[in-house]
């Protein structure tokens, strides 16, 4: 793998995993525009992608480190019968993780086979943009209402939204932010819950494939560099996004980008052969 391609994929993963624009969709579409085909199951590429997932997860853990310490402490306090907001949120995160975790383990590879056509991925990206626009309307409609605490049923609903991100072109963070807004969270709280909820899923995606990283010792240097670059890009991305939504940033901006990018890619692959 060339150095520029390594840097490109690392930064692309770190940014698009957290921005509501679909990391998997971008990982497939953007290289293809340059005539490159990305096979995430290729033996020479898989260890590198494992490191990218772990880099993203470590960046999220570091950014929310104080929050996670409070959540874990609150969780153990709740086990002792002491009700508290942090414990409630930790239970909500556990419940919200279940749907995507189960479906991902059972169906991820089947879903990927169905959506191997890049034109379908482009259409999914367009739909993702429309959903973000609708989510923005929900966000604005609730802007003057007091924020609500998620019930466990709502947390499950938000977690269920993560399942859609198994389809290339749909964004995990985008779908969960939309669901969080629909459940009554402010834009800032919906973003925070989305990133907290995504951390164990992203971590698990890397850890499940971790043994394959050590089965390719000749690629450890590339994987390590990629993981570090992704962690830096992911950390800067989550810091930007949290400030963006704290300042009443809107999902519609990302929705417009996804719709335009999806339309461009759809038009491109209607008239150009897909790389194999």
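Placed from the backbone N, Cα and C atoms, the Cβ positions cover glycine too.
Given the ranges 66-86, 150-170, the record in Swiss-Prot names 150-170 as transmembrane segment. Looking up the ranges 1-21, 22-42 in Swiss-Prot, the one annotated as transmembrane segment turns out to be 1-21.
Put simply, of 44-64, 150-170, 222-242, 251-271, the stretch with the most CB pairs closer than 8 A to the transmembrane segment (87-107) is 150-170. Counting Cβ pairs under 8 Å that are 6 or more residues apart, the transmembrane segment (222-242) and the transmembrane segment (44-64) reach 3 or more and are in contact.
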